[in-house]
Amino acid sequence: MGLMLLVLPLLLPVTYGLPFYNGFYYSNSANDQNAGNGHGKDLLNGVKLVVETPEETLFTYQGASVILPCRYRYEPALVSPRHVRIKWWKLSENGAPEKDVLVAIGLRHRTFGDYQGRVHLRQDKEYDVSLEIQDLRLEDYGRYRCEVIDGLEDESGLVELELRGVVFPYQSPQGRYQLNFHEGQQVCAEQGAVVASFEQLFRAWEEGLDWCNAGWLQDATVRYPIMLPRQPCGGPGLAPGVRSYGPRHRRLHRYDVFCFATALKGRVYYLEHPEKLTLTEAREACQEDGATIAKVGQLFAAWRFQGLDRCDAGWLADGSARYPVVHPHPNCGPPEPGVRSFGFPDPQSRLYGVYCYRRH
């Protein structure tokens, strides 16, 4: 199968916030996602409750622990403390329902759902009700609200959490445009990733992602990012941008999918082996080395965040053969950084090595 290239420059400036929309997405407008942070409401006798959360987005990686800062105060300051109720929840996004995370009154608290055993309040200082989330998962990114309730009054602030990651297009072994939305979710999960959000795809486009095949996003819209307008990709007369097909039927329509993988809590490496391997032999070789065969999302994350640079094509867990290039050089494909793909070769062929993954 022909050699394919995904181009994504590694170190380019990133801007945040949602852009305006006029058929394509180009640049940012004012970011009002944190509207309400630091506002206050009047209590009795002119005392105002104020909740403070950071305006900037917090960035971290899968498997880490993170603190979502939230403090409250009274204006003017009170002489004696008051009993308040604290509630944290994750806001609805892309059709997903809101999720309760934690509620607390004094030292008593309750956690919910997948957050049980992973979250607690940081009440080290007076008026500090920051939330710590441990063992972060891919689905933990998003916007969280911290609410402080004092009697009949309440005030809240937003904290936006993003996982450092990389967006990559994924195509079925059966070829182009073979995945409905639910199948797209499944294949991303199988590759150690999730379906990318529009914000993640837009940020990847700002960093240089150029891909002519349309793919599913988390909100069940279908889009593709174009840096270099050309005839097969909407025509040379259209400006660069993230092109949109709009919402599509989750079951009936079929496209590729854009996946999002975060920075690794482990290491991907090319296994030095005296011979080239079949796919089955590649899996066994990684196991013998105390590792597992790497997934596509892990290879992209290692390329992006660990600088994995290797000119040897190797098997991956999905049966594809790829190799990562950070510093292009002669006899190693096109002159741009990227993860090269040979598609899905015959599993019995002995033309490739293998990329393994070992968790720290």
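Every residue, even glycine, has its Cβ placed from backbone N, Cα and C.
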Could you identify, going by TrEMBL, the member of C311, C356 that forms a disulphide bond with C332? C311
So C212 (disulfide bond), by the Cβ count within 10 Å over all chains shown, scores 14
Which whole-number value in Å describes the distance between the Cα atoms of C332 (disulfide bond) and C233 (disulfide bond)? 26
Lowest local Cβ density (other Cβ within 10 Å) among disulfide-bonded residues: C233, C311: C311
Summarise the domain 'Link' (266-358) as counts of helix, strand and coil residues per DSSP. 20 helix, 26 strand, 47 coil
What average pLDDT does the predicted model assign to the domain 'Link' (166-261)? 95
Can you tell me how far the Cα of C233 (disulfide bond) sits from the Cα of C311 (disulfide bond), in Å? 29
